[in-house]
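Database features (TrEMBL):
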ACT_SITE  SER182  active site, acyl-ester intermediate
ACT_SITE  GLU310  active site, charge relay system
ACT_SITE  HIS425  active site, charge relay system
COMPBIAS  557-566  compositional bias 'Basic residues'
DOMAIN    6-527  domain 'Carboxylesterase type B'
REGION    541-575  region 'Disordered'
Amino acid sequence: MLVGGKELYAYLGIPYAQPPIGDLRFRKPVPVSPWEGVYNASSKPKPCRQLPVPLVASLSLNYSGSSEDCLQINVWLPSSACPETGSCAGKHPVIVFIHGGGFQWGDSALFLHDPANFVALSDVVFVTFNYRVGLHGFLSLEVPELPGNVGLWDQNLALKWVRKNIASFGGDPDDVTIDGQSAGAISVALHAVSPHSKGLFKRAIMQSGAPLSLATSDFFYGKGRFINVAGTLGCYDPKKTLDEQLAEAIKCLRDLEPAELIQKLEQLDFVQHAFTPVDNDEFVPFSVSSPETWNKLNVKEVMLGTTENEAGIFFHFATESFPKIIDVLLTQYRTASTVTITQVFGAPLFQARRIVRSYFGDGDEDLTYEQLRDILGEMIGDALFYCPALLFADSVSESGIKTYRYEFAYRPSHSFYPNWMGVAHGEDVMYTLGSLPFIKDKSRYTEPFGKMGKKFLATQNYTKEEEEFMKELVGAFNSFARTGKPVIPHPDVEWPEYTMEKRRVLVLKPNNYTVIRDNKRQRCELWKPVLYKSDLSKGTRATTTAKPIKPGSSVTTKKKLPHPGKGRSTSSSPQSIRLPGMLVLAACAVACLNARLLST
């Protein structure tokens, strides 16, 4: 194929594991058996089994055509890596990208994840692949029969496939960088610490995701959750204990027809069937909430960053999924926020109150919906993205690993989202992967977009300035993959190393690269013991020095809505508002797992 005037080779849909169907469902992947003859690697793989994904307005991704036979890998390379006259003798740097999607959705075939232009611009070998998501990838009881984390084991097997085979595509197996976005970024960190992935790569890139983003994951596994899902799928008898029917229930789940399984899952609220990675198991034999875990990564350099406004889209999805949350928040925003932090993150009540005070101040001021939206958006973004990235960078840099941080602060002219969302989660992907030109390439639209999605994409466009910005970021990611140091191709721009002493972050905007000192240190210090699950039982109730956000400071103030709770007692305990608190919890759980075009 020709991309940007450069000849590339693309090998698509190469199996790296046996289809995880029948008795292999929910089990670790089994390496694929050799085949005879020439394999036809000309078609993108089908996405792994998953439910539909809501995007914006009436748009969604329809995964009715997804399949359990999905563990396949894609390889792009410049033609110079494998000259027609001989073997693939070149040793090109290799980048392996792990897609996002909150561990519930996503696939390697989306045009967003198409690295062909990146390869044309940078002369590297680029790999993407599918891994199991949702119930199929992360259903767990933490027992040998159902260990969980099989989606991570899929990723591990794909990395081993790269190690074993990439030289045949002109890649250097000793010069591999793994890159991931959102859930993919969290996955990158887990591989960097897992003994099972040691030696499979030397550098790591983490876009909008860090392991402490899993601080909410206790909510997404356990016997109760398994029983609820198994019962919905007709595989659990409430008259028996789980121990009495464990083997029978698991066999029942494995025997379900794929279409029937998905159809029944759709009867549940999303939060009820969401499963995420677990730690302290065979794959991750450490606690993700321990700072010591991240002092021993199996990499030489790390590059990580966030977008400027990660959480706006999550707040949007939360309120769309649970409209009643708006009334709860407007009337009891302080108490509801406190309860959410205690229940989602397991924080003690006094620490949750300290965090809430740092955002809302000490008063009980009436807020408009827009003001509340912006404050809560910043709170969610800090908890799930910015502070996990900051704390991860602290641990990694202190251990002696060269670390580089960035903030993507440019709102694309073709953004799918309303202006109030700012620079949303995932808006950087088309720039860092070089896929921006494919937004108008109908040949790269895949079936999940449907007719409406494809029609919508065809109306989008981008500017010359944005294309140049994309090329500069591709150049920076390419230089990191080659040398371990990102370099912006501008003579007056230096990407500084992040250290605990200087804490420098490069802000990325077209023709406007600036270096700042991380600007949320005080607030992240409040989140730190919560994200690290520290013992706060003996903590003090001192007031934080972090300044509260001024209502209306980042929005256009509109006529204030009446505050129905004005004058009422504000002494309600978390238990007394358990139902609205759990509503907020559920909405936040949805928010944690949604992302722009499969990115979280």
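Note that Cβ sites are derived from N, Cα and C of the backbone, with glycine treated the same way.
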Alpha-carbon spacing, GLU310 (active site, charge relay system) to the residue listed as 'active site, acyl-ester intermediate', which is rounded to whole Å: 10
Distance, SER182 (active site, acyl-ester intermediate) to HIS425 (active site, charge relay system) (CA atoms, angstrom): 9
For the domain 'Carboxylesterase type B' (6-527), the mean pLDDT of the predicted model: 91
